[in-house]
Structure formats: C-alpha cells, structure tokens
C-alpha cells in the first residue's frame, strides 16, 4: 500500500462525528473534588488558585475514531506476520501472546469508553492501581518491541522473541493507556510512532503522528504557560516530550512532503536545559535549578542532551524551509531571494556546534545538516547554473548524505528507519539529476563515488528489510540509464545512434505512487526520463 496516499483503513477524525455541541469535561482535580470546572486554558481557575497542575481529559471522539482504527490495522497486519513466523519456526514459550486474544483485547479496550453507554459491563475498567500497572506493562512491552526490532535490523542472526510479539502484548494493555493522564497518553503515542518508523507495518504512521500533535495542542504543551507552575524536573521532562513529538512530525513531514501542524509563531515552549541524566537522577530538581535559563548557555553545554537540543533547533529550520520554500502559492523563482537567508541561518547553526561533542554525535548532526541543505536547495536546481556555488553545494550535500550513511552502515549497531531509506534514495536521485543538468561540467570521481555509496547503502538496507529492495533495484536501473545517456551524449554522431539503440529500456511509470517518495523527487525522475527518451 502506498504510504503517500491516504490509507483506506487509517483514521479519519471527521467520520461519524455528532453535530450537536460536545459536553466539556471537568479537569481531573475538579472532577475528583466534585467542583464546577470552568475549563480555562491552560489552567482552570480552581487549579490556578490552588497552584496545582491542571490535567484535562483528551477528546475521546478523536481517540475512539483515530486511535482505534489505526491500532486495529496495525494489529491485523502483525497477527498475519506473527502467525507466518510461527509456521516457519515453531516455538515453545509460555509467555507467547495469543494473536487472537491480543486483537480482541485491543479492539475492545480502545473502544471501551466510546461504547460505555451501550455495553453491558464487559468493558468496565478496573481500579486506578490496575490501570497504572497496565500502563507500565504497555510501556515495558513497547520498549522491548522497539529494542527487538532494532536488533533484528542490525543483526541478521537475531532469533529471539519477535518484536511483533512484544507489540501484541502491549496492545493487551491499551485500555490502560486511554485511561492514563494526557501526558502518559502522549508518551505512549511516541512509543508507537518510534516502533512503526522502523517496522514494515507503516500504515497509519502519519495519522498517529497527527494524533500526537493534536494531543499536544489539546493540553497546551506547546505553550510555556502549561509548565510555568510545575516543579523544575516535571517542567524539563514535559519540554523534552513536546520537542520529541515536534521533531517526529517535522522529519516525517519532510519525507512525505506534507505540512506541519504548528508554526513558529504558535510555539513559545522553550527547549529543555542541557542537563546530564546522571545529574538529574542524583538531584532531580536542584540539577535543573542550578543551570542557566537559556538552553545551550549552561556552565557545561556538552551533555547527553546536547545532540537532542541541537537537532530540535534544526527541526525548527526544517519547518521554516517547508513553509517558506515548499509552498504552492508562489513560483520557485519568486522564492529564490528567501533561499539565501535560510542557507545563512543553517550555516550559523553549524558554526555553533560545540567542538567537545563526540565524533559520532557530530557526524549525526552533520547528516541532518546536509539533509536540510539538500531540502532547501533542491527545488532551485532547475534554475541555478551548474557551475554556481549553490548548485554545487546541493550536489555536495547529497553526496555527503550518501557517504555518511555508508559509514553508519559499517557499524553493526546502526538500524535504519524508513526516513533514512527515503533520505538516501532521494539524495541519490539528486546526484543523478545534477549530472543531467551539468553533464561534463559536474562529472567527477567524487560524484561517481557518492552515487556508488547510495547504491551500496540501499543494497545493505535491502538485505536487512525486503521491502527496501524495490528502492534498490529502481535506483540501480535509474543509475544505469543515466550513465548510458551520458555516454550517448558525449559520443560522436555515428556512435550516438547506435548507443541510443543499445540503451537499456526503463519504464519510469514504476515511480508513480512509489512509497514514501515525495513530489519533488518524482519531478526530478520525470525530467530525467524525458532526457533519456529525447
């Protein structure tokens, strides 16, 4: 199923909505004290007067529609995979989850609240203590499923518990997730997104990410006011949570060519402080209070959170590129002046990377920097001169992406996500497109080596995940056609006709609807196909 097209079984939050006005639900504290709640944002008046945290229940209509249908689709897919694996490798395990019971439990649990008015008690929820235990079991199994999935991607000899089994076990406790606090619910959504970023069952991933962002706005986590009266530790943890969700949506939107939910002007939640987790565990609150208020300006700016903070800053640049350059109400030529300002901002970010970072952290940051440079400059390749500095910067950024990914794959612990597949694939296409535009002016040993690196990385990924092999095969065929066309263009007139006849045929219609390939990449492929056929 194409990931870029709407998923027929993915949630649609407009389905089945009631036109009558929704009842506003009291916050958790007012509900427990049986007080009238005015539902003011970000805190109701009662909680504000008491100086207490104000937790508001999530919109259950969104949860019952979006959450239920997305998870049902995932569980159905995983059941089929797990049963197929069991048939190939019968295993004796007392802890093995029953796929049928897991599906039934997930279906009933997710829909329990929305059906509470009509059921006969079969979906009744247990005590809060049980729900807390159920939520902990959900988190535990999701962490195991993500870890097992990463091990399977990095170690072909992995034969332990399948990640799908842990996932189905987590689904048995999804009712407790829905009954948890909005913050806990959001953390559960992040775990689901992280799992599906690396799994083959990616249907509904964009909808889960959208649900997470709607939850963020529903509880006001994007606003500083939502954390103003909280203890320092809780404030920092919530800031980390918000920027994690924001980063996930940003990188998915860039890969899929889709708009981002929140603009810069909607967000005033600061970045978290750069504090080592070891310090936080020793002194939960005083470690935060002892640091400066501006992220990145602390006494010890290099911590185990430094990379996260720098990447979060880069995600805001990425969102700005998406809104400024990838807009449909302006021509590309009209947007060219904005390109120079954005590239200057990206370069300023690069200059601020601390030199004390570990080499692996620095290289990962540079990968995302080059990714954003390519994202910014690629739409202008058709109008830039091949010998211009910006044209060559785009080509160099695409080449660096391929080379860094190649180095990453030389280490056994690197496990790729579908976003990495998209990044390498589109970077390789950018290199081939640049060759077509510049021909002999662009050709060099370096660009040839970069193209080989892209092909090599896709081949390695394809060995670990069969669904990637289509990208590998199509990129290799596209590379072969490009090289043949370049040879054809540089040949003498008599030889040119013979080479054109011998050129391998390539059907470019296979790229139409190609999974996770954005419109800009497809435009480059179509222009290449016209060149080959001319």
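Placed from the backbone N, Cα and C atoms, the Cβ positions cover glycine too.
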Which stretch, out of 44-84, 85-125, is listed as region 'Disordered' by TrEMBL?
85-125
Under TrEMBL, which of the candidate ranges 414-436, 437-459, 460-482 is annotated transmembrane segment?
414-436
So which residues does the domain 'Zn(2)-C6 fungal-type' (26-54) touch in its own chain, when a touch means Cβ under 8 Å and the partner is 6 or more beyond its ends?
181, 220, 223, 225-226, 229-230, 234
